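This report refers to the structure that appears directly beneath it.
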Amino acid sequence: MYRTVLSVFYPMFFILVIPSLILLIFIILRYSPDCFQTFKYILLVTCISQIVAVTTNCLIQIRQVSNLTPMEIWCYGPLRHFTALIAYSTYFLTQTAVVISNVLIFLTIYLKYLATKINTRKTCNYGVTFFILSPIFIALGAQTSLILTEGIPSENQDHLEKINFDISDHAVIGYIRLKTLPSIIITFVITGTILILPAVGLLLRKKTLRNINSNKFSITKKALIKGFINGVTLQVFLPLICYIPVFGSFLVLAETKTEVPFEQYFFSVLVMLPMLFDPYIILYSVAPYRKQIEKWIKTKRRQSILIVDPAARIGF
């Protein structure tokens, strides 16, 4: 039953998310104001990382079989027809893209907070920015280590090739050993970004709103900043809501070696779920983008009226 549901879900999820991200990229490139250059590039990279995450997730469609020892990674997607190394590397690419997206969304909050401060020290800001980005490089290093030690060795590839003599349903692409150092690092990075960033983001939101109320910002400017910071804060909290329940279940089930098919099949689905809403949150919370959408809608309505009106007169 789970496989039947997911065989429909993954294509539908791809069709729903990717066009909205492409539309957002177009609007960012075409309609971002000059004062929005830094945020423009951050939003672009965030969108690209989400496209990569969604695409690779749909290609691998993994199931982490936590009741087996060692824990096996099963691939149900099209990449099961390729070598296990390609699918295993894609599995980590998906993780990296998710971490990049989460970290850059938080970085957007931090930079917006800095933009509302009167006095800022550039050297300190650069250091904090690098610290915020550091989880990306740490996770990438740990994932590269696992690919080099677990994926590339010929004996491991030969072993997986023997196991995967029949890939009509799925392929085993690798193993998860939670007690190895790289796996521990990856687990801490992912859970850290999910747990810590929302709390700090909420604090920065509070400070940003306090800054715009105390500093000499116009009413319009205050409304724009408030709408933007509220939207980005919501983005930071979405992974916490979607990810923590299933990840907590994963850790418990991995330790107890209990099989719960729902958790195994839908783990990667729930991790990606925030990306369904992210483009619409940005399009609504960033005033120039929202106004452009409203302009298109009004233009479309006028065109519809102009097309219908002559026919109505002819009928009269």
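Even glycines carry a Cβ here, placed using N, Cα and C.
Feature annotations, reproduced from Swiss-Prot:
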type: TRANSMEM; residues: 8-28; note: transmembrane segment
type: TRANSMEM; residues: 42-62; note: transmembrane segment
type: TRANSMEM; residues: 91-111; note: transmembrane segment
type: TRANSMEM; residues: 128-148; note: transmembrane segment
type: TRANSMEM; residues: 184-204; note: transmembrane segment
type: TRANSMEM; residues: 234-254; note: transmembrane segment
type: TRANSMEM; residues: 266-286; note: transmembrane segment
Folded-back contacts onto the transmembrane segment (266-286), same chain, C-beta under 8 angstroms, at least six residues removed: 2, 6, 9, 13, 16-17, 20-21, 23-24, 27, 43, 46-47, 50, 53-54, 57, 61-64, 94, 98, 101, 105, 227-228, 230-232, 234-235, 238-239, 242-243, 245-247, 250, 293
For the transmembrane segment (234-254), distant same-chain residues with Cβ under 8 A (at least six beyond the ends): 64, 66-67, 71, 102, 105-106, 109, 176, 178, 187, 190-191, 193-195, 197-198, 201-202, 260, 263, 266-267, 270-271, 273-274, 277-278, 281-282, 285
Long-range neighbours of the transmembrane segment (42-62), counting only residues six or more past its ends (CB under 8 A): 6, 10-11, 13-14, 17-18, 21-22, 24-25, 28-29, 73-79, 87, 90-91, 93-94, 97-98, 100-101, 104-105, 107-108, 111, 173, 267-268, 271-272, 275, 278-279, 282
